[in-house]
Amino acid sequence: MAATVAEALAVTDELALPLRAVGDLAAAAGVSREEVVVITQCASLGGKLPFDDASVGSVLAVIKKVENLGDLFITEISRVLKAGGMVLIQSSPSDQDPNNSIQRKLLLGGFVDVQASAASSQDSEHSVTIKAKKVSWSLGSSFPLKKATKGLPKIQIDDDSELIDEDSLLTEDDLKKPELPVVGDCEVGATRKACKNCTCGRAEAEEKVEKLNLTSEQINNPQSACGNCGLGDAFRCGTCPYRGLPAFKPGEKIALPGNFLAADM
């Protein structure tokens with residue numbers, strides 16, 4: 001009855017497998033010697049192993065003739081090995097440079113971390129050991145790719161650099177609170193006349209009105225009998241009291257410009 005699962009598998013193309021090789025495989029796989037399944041004369045299997053896919057933890061192949069370790073047999077070892085499983089191949093040093101040929105076959109078979117060890121002085125018959133590992137992912141598996149995050153460049157500040165205090169750039173005048181002009185400080189009564197020491201601008205406004213010979217009512221609520229007074233000087237008659245003033249809308253206060261009393265020359 002064919003086995004389906006094994007912690008470790010030892011195969012050889014010879015009639016018997018040295019007990020020492022079985023012990024080495026058990027130690028490398030971290031299992032007891034009794035858990036190692038041994039198959040001899042593997043060349044008679046036709047390149048097939050009686051195990052399910054990904055059912056063997058580790059494989060030790062003791063091969064006397066390199067030609068018995070063909071590409072088909074390498075593929076079969078990869079099939080029965082679990083993902084991340086280890087394979088050890090021991091070969092006779094009598095073959096001409098067998099380790100290079102075996103390493104190439106393992107690499108072409110999809111194994112990684114292929115390494116060849118030095119010859120063992122304790123066992124001259126099987127002395128060249130090549131170790132490899134099956135990839136840890138299965139065929140058809142997928143995994144998300146992590147997008148690289150671009151961080152902002154870090155500014156290196158030299159401790160010896162002299163830093164300027166922003167407050168030291170301000171003068172005493174800059175730190176003083178500005179004095180706002182007093183609005184409407186005239187003690188006006190019902191006539192709303194500017195006081196003697198007017199500082200709110202009412203005296204200047206009254207001076208402009210007196211210059212025009214207009215009443216406050218005509219400034220604050222201008223009206224036009226002909227309908228052209230508010231259109232500007234181009235439409236006003238020669239006796240219009242609003243000549244020289246800007247255009248306005250009837251009923252809206254006339255806004256006198258600040259330079260109204262300034263001389264043209």
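From the backbone N, Cα and C atoms, a Cβ is placed for every residue, glycine too.
Check Swiss-Prot against the ranges 74-77, 186-189, 226-229 and you find motif 'Cx2C motif 1' recorded for 226-229. The motif 'Cx2C motif 2' annotation in Swiss-Prot falls on one of the ranges 41-44, 161-164, 237-240, namely 237-240. Ranked by how many other Cβ atoms sit within 10 Å of their Cβ, the binding-site residues Cys200, Cys229 place Cys200 at the bottom.
Counting only the Cα atoms, the space from Cys195 ([2Fe-2S] cluster binding site) to Cys229 ([4Fe-4S] cluster binding site) is about 32 angstrom.
Confidence across the motif 'Cx2C motif 1' (226-229), taken as the mean pLDDT and rounded to a whole number, stands at 72.
When the alpha carbons of Cys200 ([2Fe-2S] cluster binding site) and Cys240 ([4Fe-4S] cluster binding site) are compared, the span between them is 30 angstrom. Note: Cys240 ([4Fe-4S] cluster binding site) has non-local neighbours Asn228, Cys229, i.e. same-chain residues 6+ apart with C-beta under 8 A of its own C-beta. Listed in sequence order, the residues of the same chain lying 6 or more apart from Cys237 ([4Fe-4S] cluster binding site) and placing their CB within less than 8 Å of its CB are Cys226, Asn228.
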